[in-house]
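Step one of this worksheet: look at the structure below.
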Amino acid sequence: MEASSSGTAELPRSLSRRAPSRATTMMIDRPNEDASAMDSELVPSSLASIAPILRVANEIEKENPRVAYLCRFHAFEKAHRMDATSSGRGVRQFKTYLLHRLEKEEVETKPQLAKNDPREIQAYYQNFYEKYIKEGETSRKPEEMARLYQIASVLYDVLKTVVPSPKVDYETRRYAEEVEKKRDRYEHYNILPLYAVGTKPAIVELPEVKAAFSAVCNVRNLPRRRVHLPSNAPNEMRKARTKLNDILEWLASEFGFQRGNVANQREHIILLLANADIRNRNDEEYDELKPSTVIELMDKTFKSYYSWCKYLHSTPNLKFPEGCDKQQLRLIYISLYLLIWGEASNVRFMPECICYIFHNMANDVYGILFSNVEAVSGETYETEEVIDEESFLRNVITPIYQVIRKEARRNKGGTASHSQWRNYDDLNEYFWSKKCFKIGWPLDLKADFFLNADEITPQNERLNQVTYGKSKPKTNFVEVRTFWNLFRDFDRMWIFLVMAFQAMVIVGWHGSGSLGDIFDKDVFKTVLTIFITSAYLTLLQASLDIILNFNAWKNFKFSQILRYLLKFAVAAMWAVLLPIAYSKSVQRPTGVVKFFSTWTGDWKDQSFYTYAVLFYVLPNILAALLFLVPPFRRAMECSDMRIIKVIMWWAQASIKLFFWFLSILPKLYVGRGMHEDMFSLFKYTTFWIMLLISKLAFNYYVEILPLITPTKMIMNLHIGHYQWHEFFPHATNNIGVVIAIWAPIVLVYLMDTQIWYAIFSTLFGGIHGAFSHLGEIRTLGMLRSRFESIPTAFSRTLMPSEDANREHADDYVDQKNITNFSQVWNEFIYSMRSEDKISDRDRDLLLVPSSSGDVSVIQWPPFLLASKIPIAVDMAKDFRGKEDAELFRKIKSDSYMYFAVIESYETLKKIIYALLEDEADRRVMNQVFLEVDMSIQQQRFIYEFRMSGLPLLSDKLEKFLSILLSDYEDQGTYKSQLINVFQDVIEIITQDLLVNGHEILERARVHSPDIKNDEKEQRFEKINIHLVRDKCWREKVIRLHLLLSVKESAINVPQNLEARRRITFFANSLFMNMPNAPRIRDMLSFSVLTPYYKEDVLYSEEDLNKENEDGISILFYLQKIYPDEWTNYLDRLNDPKLPEKDKSEFLREWVSYRGQTLARTVRGMMYYRQALELQCYQEVAGEQAEFSVSRAMASNDDNQKAFLERAKALADLKFTYVVSCQVYGNQKKSSDIHNRSCYTNILQLMLKYPSLRVAYVDEREETADAKSPKVFYSVLLKGGDKFDEEIYRIKLPGPPAEIGEGKPENQNHAIIFTRGEALQTIDMNQDNYFEEAFKLRNVLEEFNKERVGRRKPTILGLREHIFTGSVSSLAWFMSNQESSFVTIGQRILANPLRVRFHYGHPDIFDRIFHITRGGVSKASKVINLSEDIFGGFNSTLRGGYVTHHEYIQVGKGRDVGLNPISIFEAKVANGNGEQTLSRDVYRLGHRFDFYRMLSFYFTTIGFYFSSMLTVLTVYAFLYGRMYMVMSGLEKEILRLASPNQLEALEQALATQSIFQLGFLMVLPMVMEIGLEHGFRSAIVDFFIMQLQLASVFFTFQLGTKSHYYGRTILHGGSKYRPTGRGFVVFHAKFAENYRLYSRSHFVKGLELLLLLVVYQIYGNSFRSSSLYLYITVSMWFMVGSWLFAPFIFNPSGFEWQKTVDDWTDWKRWLGDRGGIGIPVEKSWESWWNVEQEHLKHTSIRGRILEITLALRFFIYQYGIVYQLNISQRSKSFLVYGLSWVVLLTSLLVLKMVSMGRRRFGTDFQLMFRILKALLFLGFLSIMTVLFVVFKLTLTDLSASILAFLPTGWAILLIGQVLRSPIKALGIWDSVKELGRAYEKIMGLVIFAPIAVLSWFPIVSEFQARLLFNQAFSRGLQISMILAGRKDKAASSHV
């Protein structure tokens, strides 16, 4: 190669040979990509430093191929030096590819500027410098210059390898030195090009930015570190030691922060200061920050740090000595904190750990600045310590990260118990105690914090291996899997419910049933026993605290342990003292009371119990008094005085006065001062008092009281006859029957508060919504009626106050208001047109004209004026009056008609004047118009004009305007037509309309002597046909044509329902209560953050057209779902100039914008910037503003360009959008088509939206010592010219996503790149709208809004609109359910209940508050599965305040098919199960007051527990009934009871069934639809939903919630479950549905079915009662829903061919053997093993409970065998024993047959057949004997199946739990085969009805119409027919 002859080392021999054929595999097949340009993006991670060289090669390829070749050659040499052995991943393939390309280019490329390569590259370098850099410094933008300087630097590096150093000429060296000198000024920047020279962007010229930059650059008197660097230290390090540009660089030089971190935080702090400083400041030019700016920022940043220091009684290290520059020092402290935070990686989830680090480093700063003589003098001081830019990461963050990582490995992928490892919270709470200072500073790596207890690390430990050994104890709290957490967390609620139930039962039992009986002395005394119950429950709670937190005791201080023990001791004391005291107050004690009475001997003081109770409740009285005075309680809670802590703890824990002297544990760091103001307290207290009164009254009168009498009757009955072997025949009071009857009632009592909450929240939420003005404009009719007031409302709310507070003389808006409104309104309409929501005609009818000042009246949108002109014409034609005034009064009675008439007349006048070129023609028309004006003024219009001519004139004008707007090819013909029609118009005016038309013409001749008689026929021929080419004039003509031509009412404009919803919501929101809009420069700055993993970005053409098995593609599907939008899209693409490629891209976008894609989300979020630019432009340009930003951009006016530049600068200052694409780097290098497509599409998004930023985690292999360890970086990118450009790169201590949950870790790594004071978190399945984006500055003002209680919000909750509701009926159900939650649900949570948290996105966070308190979510593995709500928990516990606002909305997508919906519900239920175990819920449950705690419980985990109780109620009822039926007790009771008593019993039992109907849970949905769309629509929607089987869907989801919630608490197994969020255009196979729902629904449904069948067969009650069906109908409905909903809502679920295919597939899946690597979709065995995964990792408690629950299945066999005829009514236990003999014998025979088949089936086939024959004969003999001798019947055989099937299932369940011992016994294969047999039976039972229904085609057609809208159903049928025809055609050709 020539390059090697020019002084460069030759290629290594091993690589100089021709590349093998494998070289071509390096470049993956990527359609529509330039392969030559992609090599720079495919560089292996270990060779990342050569990527810029290859990019430069690609950049200059076209300009000079030879120099590009030299660059690639240099890249290859560098790569070979970096990894000579090609050991890195992908290095060998890449080098081979590059070598292959170099060999090809060596031949093909030749020098162009010189004769050889050295001269060529020098000449090119000089030309490049002179052409691009030298000339561009004054004309190019900084980002362009950054790219050019980067190219120049790379070119010079290449040049040095090609040209020997002595041969580099002087000019080249001089240019290179200039490049090197200025290179730092031209680096790629994010928002602020701070050091750029030459042409500076407008943003750096803003005075606030200049002032902030100047303050940060103040390094006066800062000492310089003098370090003795080694002689071989790089020049960059030496340069960095001597030159300090700002405070952050000084801190980096002292502590070793990374360069990328410094650059990132420099911009961060400058933007924070600039935005805060300009607020409420009117100075146009200034150069210094306000003193208050830095002080306020410091207060916000260090509020949490001050609180931490105060809690630990440590003095803050924020010191300000006398005489120091306080502003500089404050900025140093703020910068130091942000630099620590910016480099902390996963440690950011530990805010108090960061406080500890800052605490020590701030002390170091103070020492550096004020403790050295050199520092005081300003000279440099010396130190031996060498600080590099990774020192802080290496010495501080990495050790802490390693502790976190080692602990995270102990969770064994989420399967280990939470108590076995320490999560983020445990490690962070280590810093809540003073022992954290034992870590020391610098960090002592031998301190206890860094040592893992009893750690045993296996040899050759790899990165992903688990660290074994005994775990260290937890901190403050232990998460234990048990349902007792519910009682421990919410003990006050459960104690209240138990006490209330006990009191009601006592009153009902001892009195007449009236509540007044409680005042009876004896009854009241008995009621007081509730305090004994309370004492025992308190003892239980204290015991649970000790037992469940036992694993944390080693970390407890002595005072903590003492607190728990004292709490237990006092609770135990009361549990003993109160029963003793009560026993002495009873006159004739018996039983337990008598036992306690003997403890006190002869003590006769009967009032002792009363005094004991009073003393017992004294702490609660104190708590109640404090509850009534929230400010006092808040002050006490936040106090650090020990006596106050003692009093508060005693009030909460019921520790009595004699423990006051003890020094107890201080309160926890979080959860203090959470009480609300008096008014808020009054509101939510009133809510709950009303609710509890209603609930308890209902429970007492409807459930408890009616059951008292039957219970007494049952207890008094003596039953001596049983139908089975009774183990306790002499039990008194029939206690088993009482339990069976009362158990469902008790469960309903515990659960029905959730129902009452649904009712009350619906009522209160509806009232609240009405007072908030929701739904006042909900139809187009309402919109039209109030449109006149909308501009005023718009200016009042959405424009800054100086424009909003103007006084108006009348009800109409002034010109300024209508201009401001019309600019935004039109952008809104244009945005909907670009989204294809409206058609071109709708757009024209909705637009407000830009020439609003041209006429004397307000120009309203044409849709308001449509048909007004034709109506006015008809009115005038038919007018028979004699006065002008009467006609004009009729016209003015409709204001819109009056506006339309005036505007049409004045516009027509202007158009005609503009069209006429001849002056004489103009004078004629002027005379005509003058006549019109004079006749109107003199009120003689009806006398001088013939009204009958108006219709003809209107028609001609319409025709004339139509021709004027039409396109033409022949100008002559077009002009001739136009002139002819115009002359007809003039003739109609002068002859048909004007009474004296000829006189007017004569008058015109008199005033115009140049008009000759013989030229009469030539008049009106000179017309300016080019007028409509002007955009402004064309708008006028179009508008006038619309006013004249639209004769029908525009009541249906727009026709698209989504467009109507958006318009009406926007208009309605203008009348809602929202803060006034500030100036743009006064508004809070904000960022949007979207986490992204591997979801769809933009659908490919292949995705669009890929057909499923029904022949349905996504494109076809969407065309049928959105037919009007598809038509609008086609109209938009009618432009013939549009290239075909662009059309295909538009199609991909059209489809993607209707899915749940990242492209849709990014487009929506970028509306924020579009709205901001418009708002900025309106303010900056003021009166000079053009009508729209697009028109200003097209203008050549320098002023307009300056306005736009300033507007964009302000938008940059206020808004940042970061998408955290975690695996973007891996996708870039991936060979997978989907991943590669994601990378390409994300890159295109960056190029399309220049202000979009993408953050990702970059994995690199950095070769060192022959090893390639992985190094991780957080990287921020922006779009460049063709590729992404790197802005910041910050090294991480390790893989960030390995430790916690994926999404919060993804957010956390990218949050450092966000900016501003607010942060909106957005999921990638969300959308936004332009009109809503315009309201964001109003929403942000909520952070500054003063509220009662002096608290400002920390999270602003926003309303969501679910945009997936139209996809299918399921999507509609889910949309309504979700909409009700995000509107009425969250509305009531925020006000009055005050328990709204963060339920997902699009909430807006106070960014500074949250980044100093652990971030916007929590990330601990498994426990924080629902990471979002934990962010809300954390905010509330740390003193935050969450609000909810409904005047703005953001779009949200949801899953649309049953399977994805169920997976999502399972994930949420898993998350709620984990919440139940968490410390956050425990602390909130204890720190909230009683009523707020109730709100918290029933709106979070209580909803899921209540769902589970709903299911358990059915179980309790049916198992209770089965017990009564099988034992014969029911029969005996019916025989012995009187009819009246029986009726009372029936009514009592029937009450619980109403709670199974589920209709009450739909109430919030109905209320919200009624509020926003009208109650008629709500009722209609409700009935339609029921017809579409919504109740089946909601009942089915009830099973999902209860199953996964219960399993999570018992066994764990929570995990993130991806749902796909795709379109439902596919049929799920039976096997897939079976796998998904087998354990959650089918097994439980079949069990309930079995219970109902047994009850039906053997029960005798209610047969003559009308209540029988009422009692069981809801249960049958639940069974049907759980068994068949997956098939009802499965597309094509009842199509015969698919049913056959499903059966074949299911049999294959069931029969396939499993094995290592066999997926669950392929084999039943693999699925069966995975399904039991939770049992492998469950605790011993979980195993015991699982076995206990399985024992219930033995009841069937025990009960049924005594009912068999063969038992001959024997009650002996031997009958049950013999049944087991039969069962075990049957199983043994089956086992023998199975073993025989395996062992003898091949070699001894004859023997095996003989064995089977003998077994068969033996079976026949036994059955014959049983039938003949023992009277066995066929009924007995059927009953035996019912008996033995559940027993076998119980054996199977127990076998699964005891897997290890059973495997040891060698019978695991038998258990597996038994499981397979049961799966076959269950599948057959479920499949049979489906097969039968599939025989009837009408069922399939009904299902299609049920699932999808009518258009799609019709399209589906057509598609299937066409597919059939296609097949026939194909077969005929064959």
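Cβ from N, Cα, C; glycine included.
For the domain '1,3-beta-glucan synthase component FKS1-like' (328-444), the DSSP counts in helix, strand and coil order read 86 helix, 3 strand, 28 coil. The annotation domain '1,3-beta-glucan synthase component FKS1-like' is assigned in TrEMBL to 328-444.
Under the heading region 'Disordered', TrEMBL lists 1-23.
Residues or ranges marked as transmembrane segment in TrEMBL: 493-511 (among others).
Under the heading transmembrane segment, TrEMBL lists 523-544 (among others). For the transmembrane segment (523-544), same-chain residues at least 6 beyond its ends with a Cβ under 8 Å from one of its own Cβ atoms are 484, 487-488, 491, 494-495, 498-499, 502-503, 506-507, 510-511, 517, 564, 567-568, 571-572, 574-575, 578-579, 582, 585, 609-610, 613, 616-617, 654.
As annotated by TrEMBL, transmembrane segment applies to 564-582 (among others).
Look at TrEMBL and you will find 608-631 (among others) tagged as transmembrane segment.
The transmembrane segment annotation in TrEMBL covers 643-665 (among others).
Annotation comment: TrEMBL describes 685-706 (among others) as transmembrane segment.
What TrEMBL lists as transmembrane segment is 727-749 (among others).
Within its own chain, the transmembrane segment (1496-1518) has Cβ neighbours under 8 Å at 486, 490, 493, 743-744, 747-748, 750-751, 753-754, 757, 1385, 1389, 1393, 1395, 1397, 1429, 1469, 1472-1473, 1475-1476, 1481, 1484-1485, 1488, 1549, 1552, 1555-1556, 1598-1599, 1601-1602, 1605-1606, 1644, 1648, 1651-1652, 1655, 1675, 1678, counting only residues six or more beyond its boundaries. The feature transmembrane segment is assigned by TrEMBL to 1496-1518 (among others).
What TrEMBL records for 1667-1689 (among others) is transmembrane segment.
According to TrEMBL, the feature transmembrane segment maps to 1814-1834 (among others). Only residues 6 or more beyond the boundaries of the transmembrane segment (1814-1834), in the same chain, are considered here, and those with a CB under 8 A from a CB of the stretch are 1765-1766, 1768, 1789, 1792-1793.
Here TrEMBL flags 1840-1860 (among others) as transmembrane segment.
Under the heading transmembrane segment, TrEMBL lists 1881-1898 (among others). Sequence-distant neighbours of the transmembrane segment (1881-1898) (same chain, 6+ residues past either end, Cβ-Cβ under 8 Å): 1630, 1634, 1638, 1642-1643, 1646, 1683-1684, 1687, 1693-1696, 1698-1699, 1702-1703, 1706, 1710, 1845.
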For the transmembrane segment (685-706), sequence-distant contacts whose Cβ falls under 8 Å of one of its Cβ atoms, 6 or more beyond its ends: 500-501, 504-505, 507-508, 513, 515, 745, 748-749, 752-753, 756-757, 760, 764, 1392-1393, 1491, 1494-1495, 1544, 1547-1548, 1551-1552
Positions on the same chain near the transmembrane segment (1667-1689), where near means CB under 8 A and six or more residues out: 1369-1370, 1457-1459, 1514, 1517-1518, 1546-1547, 1549-1550, 1553-1554, 1556-1557, 1589, 1591-1593, 1595-1596, 1598-1599, 1628, 1630, 1633, 1636-1637, 1641-1642, 1644-1646, 1648-1649, 1652, 1655, 1661, 1886, 1889-1890, 1903, 1906-1907
Tertiary contacts of the transmembrane segment (493-511) (same chain, 6+ residues out, Cβ under 8 Å): 486-487, 517-518, 520, 522-523, 526-527, 529-531, 533-534, 537-538, 696, 699-700, 704-705, 708, 712, 746, 749-750, 753, 1490, 1493-1494, 1497
Integer average pLDDT (0 to 100) for the domain '1,3-beta-glucan synthase component FKS1-like' (328-444): 87
